[in-house]
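Undergrad: Under the heading domain 'Thiamine phosphate synthase/TenI', TrEMBL lists 9-175. The Mg(2+) binding site annotation in TrEMBL covers Asp59, Asp78. TrEMBL lists 214-246 with the feature region 'Disordered'. For 223-246, the entry in TrEMBL reads compositional bias 'Low complexity'.
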Amino acid sequence: MLPRLHIVTDSLDIVRGVLGHGPVAVQIRVKTNDREAYALTCAALELCRPAGALCLVDDRIGVALAAGADGVHVGADDLPVAAARRVLGPGPVIGATCRNPSAARAAVADGASYLGVGPAFATGSKSGLPDPIGPDGIAAVSRAVPGTPVIAIAGITAGRVSELDCYGVAVISAVAADPAGATVEFLRALAAHPGLGVSDLSLGASHPGLGGSDSWAAALGESDSSGVSDSAAGASASASRAGDRQ
């Protein structure tokens, strides 16, 4: 099952801080060059594998392949989803950026495992973004692709999770100051807010890259990193109970 909390970062310190508190996906986003992206991805994988965390690479399919990451996330200006799926095959996770129902349906048809949708709110983490689509826009995309995990991104705080009718959230600056504390706070908020389709525990299981036995890690003969470790699952349950008490 795809983690509901995605951490987008270019910092190994943040990767260390967000692990061990519950199920998360770490997306490595490096805007300099492939060499630096590869080095950071390899280092992140050494941390993510024992923690049972999913490790994805933003944009750079070659880096993801070389490092043996769990998959990639491709933006609107990156390699098309269908091309990425042809290159990577059925095993790896492929996330695709979109902001409206028609683009969402097309991405799913082309082989996307999940969708990153936004900007949900205004944000300073990335320049040149289009206007926010808000909670209504996020919900419209979620309804357009039932059974596909929709991850909202941009301007999201733990306090805003309850406004979003979708599967999960991706965050950047919201975890920068206190990665561990912010991760726990987001996991509690997500546990208290089921979101659209989250009650279906098989959500996304039929999608390429999210089928467990078809995971890239399994194909490589490594430990399956598509799920979470027992310790991480226990931490998630604790976070859920804490969220229920609030």
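Backbone N, Cα and C atoms are what each Cβ position is placed from, and that goes for glycine too.
Heads up, TrEMBL stuff is auto-annotated, nobody curated it.
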Undergrad: Between 0 and 100, where does the mean pLDDT of the domain 'Thiamine phosphate synthase/TenI' (9-175) sit?
TA: 96
Undergrad: If you skip the near sequence neighbours and keep only those at least six away, which residues in the chain come within under 8 angstroms of Asp78 (Mg(2+) binding site), Cβ to Cβ?
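TA: Counting only residues 6 or more apart in sequence, the Cβ neighbours of Asp78 (Mg(2+) binding site) under 8 Å are Asp59, Ala84.
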Undergrad: Within 10 angstroms of the C-beta of Asp59 (Mg(2+) binding site), what count of other C-beta atoms is obtained when all protein chains are considered?
TA: 19
